[in-house]
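As given in TrEMBL:
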type: BINDING; residues: Gly46, Pro47, Gln48, Ser49, Ser50, Gly51, Lys52, Ser53; note: GTP binding site
type: COMPBIAS; residues: 795-809; note: compositional bias 'Low complexity'
type: COMPBIAS; residues: 842-856; note: compositional bias 'Low complexity'
type: DOMAIN; residues: 36-251; note: domain 'GB1/RHD3-type G'
type: REGION; residues: 781-821; note: region 'Disordered'
type: REGION; residues: 835-873; note: region 'Disordered'
type: TOPO_DOM; residues: 1-703; note: topological domain 'Cytoplasmic'
type: TOPO_DOM; residues: 749-946; note: topological domain 'Cytoplasmic'
Amino acid sequence: MEVDEAEAVQLIDGEGEFAGESAERFMASAGVAVCGLSYAVVSIMGPQSSGKSTLLNQFFGTNFREMDAFRGRSQTTKGIWIARCVGVEPCTVVLDLEGTDGRERGEDDTAFEKQSALFALAISDIVLINMWCHDIGREQAANKPLLKTVFQVMMRLFSPRKTTLLFVIRDKTRTPLEHLEPVLREDIQKIWNSVAKPEAHKDTPISEFFNVEVTALPSFEEKEEQFREQVQQLRQRFANSIAPGGLAGDRRGVVPASGFLFSSQQIWKVIRENKDLDLPAHKVMVATVRCDEIANEKFSCLTSDAEWMDLENAVQSGPVPGFGKKLGYTVDVHMQEYDKEAIYFDEVVRTAKRQLLKSRVLNLIQPAFQKMLAHLRTRALEKYKTELNLTLESGKGFAASVKDITESSLNEFDQGCADAVIKHADWDYSKMLEKVRHDIEDHTLSIREKKLSELTNHAKEKLRKALVEPVESLFDAAGHTTWASIRNLFKRETEAILPEFQKNFAGFEMESASSEGMVSNLRDYARSIVDNKAKEEAGKVMMHMKERLKKFIRYLSLYQSIARSSELVLVFARFTTVFSHDKDSIPRVWTGKEDVRAIAKDARSAALKLLSVMAAIRWDEKPDRIENILTSTLLDGSVTSKGASSSSDPLASTTWEDVSPKYTLITPSQCKSLWKQFKAETEFTITQAVSTQQAHRRGNGRLPPPWAMVAIAVLGFNEIMVLLRNPIYLFLLFVGYLLFKALAVQLDINREFQNGMVPGIISVTAKLVPTLHNILNKVATDQQQQQQGRHQEAAAEAPQPHPQQQQQQPQPPPPLLLSPRSPVSELRRLHVPFSPVRKAASPSPSSSPSSTVSSPRNVGEDQKPRQIVEPNNESNNAYSILMVYTVQLELEGYKGGKTGYTVVDMALPAYACKKPQHAPCRRPPEIHAAIVFFLQSSSDLPVGER
Ligand SMILES: Nc1nc2c(ncn2[C@@H]2O[C@H](COP(=O)(O)OP(=O)(O)OP(=O)(O)O)[C@@H](O)[C@H]2O)c(=O)[nH]1
């Protein structure tokens with residue numbers, strides 16, 4: 001319900017209960033609460049039905065209930081009522097008190113009178129005391145007990161405020177006020193004097209506590225017009241009553257209007273409890289409560305402030321530009337509201353409550369500020385990372401980049417923090433600044449490690465590339481200067497790469513000790529590359545050599561049970577290389593004139609040299625005695641003596657003299673056992689070579705001795721003459737000779753009889769008929785070819801066909817140096833389709849064999865032009881016409897479906913006879929072994945391929 005400003009409400013009911021709810025409504029509707037200190041409180045006391053309500057209504061335009069005179073005189077006002085004066089500035093609140101000396105309460109019930117009087121004195125600036133004119137000067141006047149009560153309760157107020165007592169004399173008579181007032185004042189003084197006072201105020205004059213004013217009004221009932229006129233004049237005195245010199249008292253202890261209701265309630269509570277009323281303490285208490293209420297209200301306003309909520313939401317997702325400015329403005333608004341409302345309360349209390357409010361506000365907004373700092377921290381770190389990357393990419397030095405960007409990032413963070421703080425708080429963001437600094441330092445360290453690691457890895461990769469393959473190559477050609485070459489290589493490459501590395505990390509501004517340490521580590525790494533390569537390369541080379549050796553073994557059918565250890569493979573490889581090649585690395589052709597034992601010794605010596613090279617890693621130039629020891633003990637044969645004691649055997653040890661164990665690859669005792677095994681296995685090779693040489697010599701000495709030839713001529717003279725006289729016999733003899741010769745070549749008589757007479761006869765007998773059949777077929781084939789040749793000659797004489805037709809004719813088979821039907825030519829024919837690379841490299845059938853694919857390990861060797869020994873007509877030896885024919889078989893590629901090639905590179909001394917090309921050729925043992933090897937290998941091929 002809206003309360004009109006003139007509408008009076010009950011503040012305290014007749015039972016003495018404070019009507020807080022209706023009073024609050026009144027305060028809100030009458031707008032008193034916002035008046036601050038600019039308000040005045042007026043009360044009226046007086047006997048019952050003395051026209052108090054009538055006077056107030058006429059004075060201030062209020063609507064207090066008045067007694068209806070036509071219904072009889074009775075109590076109208078019960079308790080205390082309150083209303084706001086109409087048209088009086090400043091805001092004036094008026095209290096209408098229950099009349100004293102009322103019949104309703106009885107003669108002895110004066111408690112409420114005293115309580116209400118004290119209440120009126122405590123909260124009012126002006127107290128109107130309504131009294132009848134005819135009571136002045138009377139001893140038993142009705143106002144005398146009232147005044148006594150007022151003065152007595154006044155003494156119960158500590159530090160009482162100075163109140164104006166305005167005596168309103170009603171129904172004034174013809175006696176002028178000038179005569180009435182002294183009498184009244186005298187009565188008042190008498191009453192004041194009669195009141196018991198505390199010792200401190202015993203002699204205090206009444207003027208210390210009261211401003212006594214007196215006025216008189218005509219009767220409202222009899223002289224209403226005059227009454228109204230004089231009331232209007234009197235009303236003027238209530239305008240600006242609180243101004244200096246105004247009607248109001250000194251207003252000490254006045255509380256702000258917003259606290260008026262609370263203050264009144266508390267005062268009434270104290271009065272009801274019959275306690276002394278300490279107005280200053282009450283004022284502080286009111287201020288405390290009210291400031292608390294105001295602070296709570298303002299804090300609540302802030303928490304629901306739209307700008308604050310928007311700001312708080314925004315800062316959750318990222319930094320807010322102008323955060324401090326926006327937040328400071330919002331806080332300012334609410335703090336100023338507090339100041340505005342609390343300004344009239346006790347200053348000490350007000351300030352204390354303001355501080356409390358401020359700390360609550362800061363606690364509320366600090367998480368948002370911390371969030372803002374977190375965003376700034378993240379942004380500073382991101383900026384640092386980005387700019388560092390860009391700067392490093394531009395090539396600027398690492399340390400200089402870090403210094404510049406750190407400074408700029410921290411400055412930006414600092415500015416962001418300064419922008420985020422508010423003037424109300426002295427928030428310290430130095431800890432966050434330290435965190436950002438640590439973030440940057442951590443990131444810098446990680447990037448530094450990463451960059452240094454990249455540089456180191458790059459240098460290591462360069463070292464690896466620069467050392468691995470050259471070292472591998474040097475080990476391939478192991479010899480006297482191998483380790484010297486490796487040392488030179490190591491020195492050259494490290495001196496080229498390490499300074500470049502040192503130059504690259506100069507930008508990191510490292511301490512010289514760290515820098516040198518890193519270079520030293522890299523140098524150690526380079527050494528480890530060589531060391532590891534020395535070990536690994538042995539393994540790799542062993543594998544290759546083992547493969548090669550296996551093929552060589554297949555070729556010669558010699559080494560069937562060797563290569564039990566990888567070191568032995570190396571030694572064997574060197575041996576077979578030397579043993580099978582001459583000094584110019586040309587495949588050796590056994591002519592029968594070589595000194596096989598001397599060659600074998602050279603081969604063993606070379607193998608031993610390889611063994612000595614591979615026996616240890618030599619980083620220093622200090623010569624060692626490994627080769628000498630190996631030569632003297634192994635090559636000269638002393639080691640083979642079974643009775644050699646360990647004390648005289650320099651190889652009976654696990655370490656080399658002057659060689660560190662960590663640099664030892666093959667120990668002396670290992671060398672010794674390897675050599676024993678090597679000698680045992682190679683002995684057979686040498687024996688085989690000697691046998692081959694002897695067979696060769698036998699082949700060259702097949703003509704019968706001269707005495708036998710003379711005996712044949714003498715004893716067979718008649719038969720010779722018969723043959724000479726009969727050409728048919730001579731022809732048949734010639735044909736028979738040719739047939740026998742062809743059979744002998746085809747059957748390889750010498751080889752068949754190598755295993756003994758009886759096995760030879762059996763073998764030759766079994767092969768005789770098929771061989772004869774082959775020869776006859778060959779003769780028939782030759783005749784057909786001759787006829788085809790004649791046809792072609794005839795066709796050549798005929799008109800030439802169109803070039804395209806000519807291209808479509810099938811190409812003739814490639815010319816063969818051997819017989820087209822010979823096993824070796826079959827070998828070549830079968831091999832050609834197997835090599836796709838060979839096809840690509842040799843589109844023409846007449847391409848040189850040197851264009852074939854070779855083993856990677858033999859690239860250097862294969863790149864040399866193949867030395868082909870053309871048939872030499874100048875040579876008298878029919879078997880000395882040699883050619884080097886390279887046979888490359890991808891046999892391994894067909895076995896087991898492997899995709900890679902295993903290239904068998906065999907230098908085969910091929911045989912081409914002086915006889916016509918189509919005649920059958922006799923095979924030397926090496927060719928025969930190669931064919932046997934091929935046929936054995938090709939047995940794994942599919943039937944069609946074979
Ligand atoms: N004689 C005379 N009577 C008056 C005057 N003013 C008012 N009255 C009459 O006095 C009677 C009481 O008036 P109220 O104004 O109700 O008096 P009151 O003091 O408020 O009464 P309570 O509130 O009951 O104590 C009414 O009948 C009025 O008409 C006046 O100036 N002189």
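Using N, Cα and C of the backbone, Cβ positions are placed for all residues, glycine too.
Remember, it's a predicted structure, so these values are computed and weren't measured experimentally.
Sequence features, as recorded in TrEMBL, placed on the structure.
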{"residue": "Ser50", "record": "GTP binding site", "contacts (Cβ under 8 Å, 6+ apart)": "Gly99, Asn130, Met131, Trp132, Arg170"}
{"residue": "Gly51", "record": "GTP binding site", "contacts (Cβ under 8 Å, 6+ apart)": "Asn130, Arg170, Phe220"}
{"residue": "Lys52", "record": "GTP binding site", "contacts (Cβ under 8 Å, 6+ apart)": "Ile44, Met45, Gly46, Phe64, Thr77, Asp96, Leu97, Gly99, Leu128, Asn130"}
Rank the binding-site residues Gly46, Pro47 by the number of other Cβ atoms within 10 Å of each Cβ, and give the residue at the low end.
Pro47
Other residues, Cβ within 8 Å of Gly46, Pro47, Gln48, Ser49, Ser50, Gly51, Lys52, Ser53 Cβ centroid (GTP site)
Gly99, Asn130
Along the topological domain 'Cytoplasmic' (749-946), what average pLDDT does this model show?
46
So, in DSSP terms, is Gln48 (GTP binding site) helix, strand, or coil?
coil
I'd like the Cβ neighbour count for Ser49 (GTP binding site), meaning other Cβ atoms within 10 Å of its Cβ, all protein chains included.
20
